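Asks: Attaching a single structure in structure tokens format; questions to follow.
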Amino acid sequence: MLLLARPPKAWHRLFQLQPLALLGTPGGKTQHVRYQLFSTPGPADTGRQGQPQGPGLRTRLLVTALVGAGLGGAWLALRAEKERGRQQQRTEALRQAAVGQGDFSLLDHRGRVRCKADFRGQWVLLYFGFTHCPDICPDELEKLVQVVRQLEAEPGLPPVQPLFITVDPERDTVAAMARYVQDFHPRLLGLTGSAEQIAQVSRSYRVYYSAGPKDEDQDYIVDHSIAIYLLSPDGLFTDYYSRARSAEQITDSVRRHMAAFRSVLR
């Protein structure tokens, strides 16, 4: 007999009957046929050749992601450390250049005498220019105050004092400076003085300037260096930014200098 009966619960597993062997008599006549039951794998199946299944695809992807995140974090930390090292070297090199050494005495746009010591304990962004400048000075001052506003919007950062020193003392009187700075930022201070005082502070910061010839209206252009200076709370020249640097780049640099300064004080 080939198959007498199967328990009802086994029928759902039955999907194929396959002959295993034909057993013959010595005379060559077939005596009977045995069959094996094939079924779908059950919960206890362990895979091919009786070996346990390996980790699933989801597990492998998770492990790969964790390893990648760890390597990425290590690379970013190493990059940040190298950047801090380069910045410290740059800061030391700039300070050794002895830029901004000595004091100055100038009048602000309210007529008050100002010296370098007045800004101790504050971060300062400083620009040299003149009020009759047609385009470059307004653009650079607007960029400077944009940096100040961006830093003001970040909680936990100290305020930055913006300064504007004229290189045209002949025309940039206290009243002229007052009219000019009000268009940029309420905390922007305009500083002016005598020709000798302006020459002294300009030499201190290595600022070149030269007044051009006057036209028939007695108007003239002043050729001068274009740079924004950063002074730390200890009054030291810390960095400078050329016209090619964007407000975002300057903001990021000032932020990093602030972090480095705090780490030294700890």
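Glycine is treated like the rest: Cβ placed from N, Cα and C.
From a predicted model like this one, the values you see are computed outputs, not experimental measurements.
Pulled these features from Swiss-Prot for this protein:
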BINDING   Cys133, Cys137, His224  Cu cation binding site
DISULFID  Cys133-Cys137  disulfide bond
DOMAIN    85-259  domain 'Thioredoxin'
TOPO_DOM  42-60  topological domain 'Mitochondrial matrix'
TRANSIT   1-41  transit peptide
TRANSMEM  61-78  transmembrane segment
Asks: Give the sequence-ordered set of same-chain residues, not counting Cys133, Cys137, His224, with Cβ within 8 Å of the centre of the Cβ atoms defining the Cu cation site.
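Replies: For the Cu cation site, the extra neighbours are Phe128, Gly129, Phe130, Ile136, Glu140, Val167, Val222, Ile226.
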Asks: Enter the number of other CB atoms within 10 angstroms of the CB of His224 (Cu cation binding site).
Replies: 21
Asks: Counting only other Cβ atoms and using a 10 Å cut-off, which of the binding-site residues Cys133, Cys137 scores lowest?
Replies: Cys133
Asks: Which of the three DSSP states, helix, strand or coil, fits Cys137 (Cu cation binding site)?
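Replies: Going by the DSSP assignment, Cys137 (Cu cation binding site) falls within a helical segment, counted as helix.
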